[in-house]
Each structure stands twice: as C-alpha cells, then as structure tokens.
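**Student:** This is the structure I want to talk about, given as structure tokens.
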Amino acid sequence: MPTNFKYDIIIIGGGPGGYPAAIYAAKNNARVAIIEKEELGGTCLNKGCIPTKTFIKSAGLYNDIKSSQQFGITTEGVSFKWDKILNNKNKVVRGLTNGVQTLLKSNGIDIYKGKGKLIDNNTVKIEGNNNEIITGANIVIATGSKPATIPVKGSDLGGVITSDEALDLENLPESLAIIGGGVIGVELGYVFRTFGVDVTIIEMLPEILPRQDADAIKVVKDSLQKIGIKILTETKLLGIEKAGEMLKVNFDTKNGQDSIIAENVLISAGRKSEIDVINGLSIVTDKQGIVVDEYMRTNISNIYAIGDVTGKVMLAHVATHQALVAVKNILGKEIKMNYNVIPSCIYTNPELASVGLTEEEAKINYKSVKVGLFPFAASGKAKTIGETDGFVKIICDEKYNEILGVHIVGDHATELIAEACLAIKMECTAEELADTIHAHPTLSEAVMEASEAVTGFAIHNL
C-alpha cells in the first residue's frame with residue numbers, strides 16, 4: 001500500500017461492519033484508524049440487536065415462571081421491575097461496548113471520537129474532535145442507518161417515538177400503537193405486551209413480517225394475537241393527533257377509516273442509510289444508500305462501503321461479512337460478496353428463522369419443487385420442554401432434491417438455522433442432510449426429519 005498516508009485504511013463507523021473491518025485489517029498488518037461519533041458497536045450493540053434481546057430474555061423468563069406449574073413448579077406473586085430490566089440491558093450493552101474498545105486497542109487500532117466527513121478521496125475530517133484531519137490510502141464507509149420517519153401529520157408530536165427511544169423508556173406506557181409490522185415492530189410488540197402494555201400493530205401490507213414463509217408467519221401471528229396483541233393489516237396510517245394526554249392514531253382500512261387511542265406511538269417503518277459522510281464527494285448513491293459493486297467498492301476505487309449505509313441487506317451479520325470482503329479486496333484478494341445464503345432471525349415467541357427461498361419464491365424460480373415439513377408437536381425434545389408450536393420446513397428442487405430454502409418457527413429456531421445455512425452453502429441435498437446423524441433427544445432432529453419428509457421417509461411424521 002502507499003506509504004505517504006498516515007493510515008493504510010480509515011474506517012468511518014464503529015458498528016458490526018466497521019470494527020470487524022478494523023480488526024481484520026490490523027491482524028493483516030495494516031495501519032488502521034476507526035472513527036465513531038457515538039458508542040462503539042453501532043446500532044446493533046447499542047440500540048438494536050443486543051438491547052432488544054435482553055428485553056426478550058426478560059420477557060421469556062417472566063412467561064416461563066408464570067407457566068411453570070406444568071412442570072410441577074409452584075410460584076406465587078410473580079412480578080417484574082421495569083427499572084431492573086432496563087439496568088440489566090444497560091449493563092450488558094456497556095460490557096460489550098467496553099469489550100469492542102479493548103479489542104480495537106489490543107490490535108493497535110487508533111480510535112477517534114467524532115463524526116467522520118470525507119474531504120477528498122484520501123482525507124477525512126473528524127468533526128467534534130477539534131476537526132482533526134487524517135489521511136488514508138483506503139477508506140471504508142460504515143456509517144450505518146437511523147430509524148426512518150413517516151411523512152404524516154403528527155409524527156413529530158410528543159409521545160411519538162422510534163425504536164431508539166423505545167429501548168430507553170423509563171416507564172412502561174399503558175398502551176402502545178406500533179406503526180409497522182416488520183421485525184422491529186413485532187419483536188418490541190411482543191416485549192411490551194408481555195409486560196402488560198396494550199399493544200396494537202398497524203401494517204399497511206397484507207401481512208406482517210414481509211418476505212417470510214406464509215405458514216411460518218401464521219404461527220407467529222397466532223401467538224402474538226393469543227397474548228393479546230391486536231394486529232391490523234392492510235391498514236394505512238393517515239395521521240396522529242393529540243387527544244388530551246393521549247394520542248389519537250387515524251388510519252384507513254379496507255372497511256373504511258378508523259382510529260385508536262394510545263399513550264405512545266412507535267414508528268417502526270424501517271431504517272434509512274446515513275450518507276452525509278459523503279460531504280459532497282462524487283460517490284454514487286441511490287434511494288437505498290451508497291452504491292457498491294460485488295467487491296464492496298464505490299465508484300471511487302479506493303473507497304469502499306459496507307453495512308446499512310449501502311442499503312443492501314440491513315442486518316448486522318451481513319455488515320460483518322461485507323466488512324471482511326471489503327478488507328480482503330483492499331489487501332489484494334479477489335473476493336466477491338454473495339447474498340444467496342443470509343439467515344433471517346426474528347426473536348418472538350416462538351422464534352422464526354429462515355434462509356434461502358420461500359416456498360412461493362421457489363415455485364416461481366423452479367419448474368417444480370418438493371417440500372418437507374416436520375412439526376415440533378411430533379418432537380420428543382419439544383414435548384419435554386413444553387415448546388411444541390411451529391415446524392421445520394425444507395424446500396428442494398424436484399430434480400436433485402437440492403435444498404433451496406429452510407424455514408423454522410419454534411423454540412431456538414434462531415440457533416437451529418445455522419445448520420441450514422451450511423447445507424445451502426454446500427449445495428446439500430435432502431438425502432445428505434437426512435443421512436447426517438443428529439443427537440437424540442434434540443430439537444435439531446426436526447431438521448433431519450423435515451429432510452426425510454422431502455423424500456417421503458420421515459419416521460415420526462404422519
């Protein structure tokens with residue numbers, strides 16, 4: 001790399017894309033700087049994946065304790081303290097953030113606090129850090145995203161919040177209207193309803209959790225409605241207005257206009273790439289974010305972009321993989337980003353996880369497909385732990401039985417999906433997965449049985 005710059009690689013953003021990029025580059029003897037305007041770890045660690053999972057763990061424990069009588073455990077007066085749940089979340093986040101900082105420092109990476117702005121192809125100004133200017137042979141933009149807003153009347157009223165504010169609410173609201181039935185809205189809806197909040201989810205599409213398997217969505221939707229969450233689909237938000245101390249949410253349904261009253265309104269309408277880092281430089285963007293090629297390069301050959309800022313797939317694990325692809329290419333390797341095997345995980349109760357094509361997508365892309373399904377109600381392990389909702393569904397092409405997609409809804413689905421990811425990446429057939437011995441009794445046996453069901457030989461399936 002050129003030596004007339006202070007750094008070989010400057011990384012703008014310290015989230016799940018930025019900090020792995022920095023560490024991998026440093027381990028390959030590059031001189032690395034990382035710039036972060038807030039806390040290391042990015043949205044995922046501070047305002048997304050990690051905080052929500054601490055809440056979901058608390059919610060799960062609360063539910064388990066209340067339903068423990070089926071296992072012979074008697075409990076009385078079960079309650080929760082929201083402030084303690086918040087404290088646990090903050091403690092976990094703080095510990096992981098400190099861990100990221102330790103990793104960066106131990107790898108000899110220079111950490112700058114401030115907002116990085118491009119000056120030219122090799123120069124970055126750090127706003128908030130005495131406007132210090134640093135230079136680098138290569139630059140990786142990993143500035144992430146922020147909650148998207150909705151251009152409707154009343155969206156700026158007090159009590160209207162984003163997921164960022166929802167994770168720091170000091171007091172639980174009496175009622176909550178969630179605008180958007182995607183992953184964030186559904187997960188937070190589950191959490192707040194578990195702790196007694198009256199929750200309504202408003203989704204403009206025909207179904208919640210778009211791009212997921214239709215059968216899996218039904219299981220999750222039924223479970224959410226069973227705990228008292230009201231779900232309004234094909235419903236368009238018209239506006240929000242004050243109603244005394246509360247908020248009135250007006251919307252349009254297929255049956256006409258209607259409204260509900262809620263203490264808080266959570267706008268959960270996706271996320272928007274943070275591209276102001278470009279600062280007028282001629283980097284090509286589109287409505288999703290910064291445009292990159294399969295090597296994660298922008299139109300400027302020494303500037304790369306990774307993670308949410310590209311708008312490709314806004315998932316932390318995708319950002320991390322993009323980071324490694326970008327750095328490997330900077331180091332002279334020819335590595336392409338592949339989006340064919342990306343697991344999607346939704347942490348409701350039951351969980352939903354998927355990878356590859358849905359049944360509907362497979363039928364569009366292939367002449368003929370086979371589907372194998374195994375319900376957890378037929379799983380010995382699922383029965384022993386009282387978690388029999390859901391199933392494993394495997395979609396294969398008819399000619400070779402190659403696995404095209406796997407959809408799991410049930411307990412620990414987000415852990416079970418890893419085997420399916422490897423199977424699709426290795427182009428496994430249903431027979432090869434079925435011929436792999438799975439330990440008994442485990443939930444993973446359901447993956448094996450679903451593979452057997454593709455060929456019609458599932459042992460425990462009617």
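Quick reminder: no glycine exception, Cβ is built from N, Cα and C everywhere.
Automatic prediction, not curation, is the source of TrEMBL annotations.
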**Student:** Among G114, G116, G270, which residue does TrEMBL annotate as binding NAD(+) at the site that also has G180, G181, G182, V183, I184, G185, V186, E187, E203?
**Tutor:** G270
**Student:** Of the listed cysteines C44, C345, which one does TrEMBL record as disulfide-linked to C49?
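**Tutor:** In TrEMBL, C49 forms its disulfide bond with C44.
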**Student:** Which of the recorded positions C44, G180, G182 has its Cα closest in space to the Cα of A316 (FAD binding site)?
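**Tutor:** The answer is C44.
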**Student:** What residue among the recorded positions K53, H440 has the most other CB atoms lying within 10 A of its CB?
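**Tutor:** Top count of Cβ atoms within 10 Å goes to K53.
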**Student:** May I have the DSSP-based helix, strand and coil counts for the residues of the domain 'Pyridine nucleotide-disulphide oxidoreductase dimerisation' (342-450)?
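**Tutor:** The counts are 39 helix, 33 strand, 37 coil.
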**Student:** Please list, in sequence order, the residues in the chain of C44 (disulfide bond) that are at least six apart in sequence and whose C-beta is under 8 Å away from its C-beta.
**Tutor:** G15, P16, I50, A316, A319
**Student:** Taking the recorded NAD(+) site as G180, G181, G182, V183, I184, G185, V186, E187, E203, G270, identify the other residues of that chain whose CB atom sits within 8 Å of the mean position of the site's CB atoms, giving them in sequence order.
**Tutor:** I178, G189, I201, I208, L209, S268
**Student:** Have a look at the recorded positions G182, E203, H440 and say which one has the shortest Cα distance to S145 (FAD binding site).
**Tutor:** G182
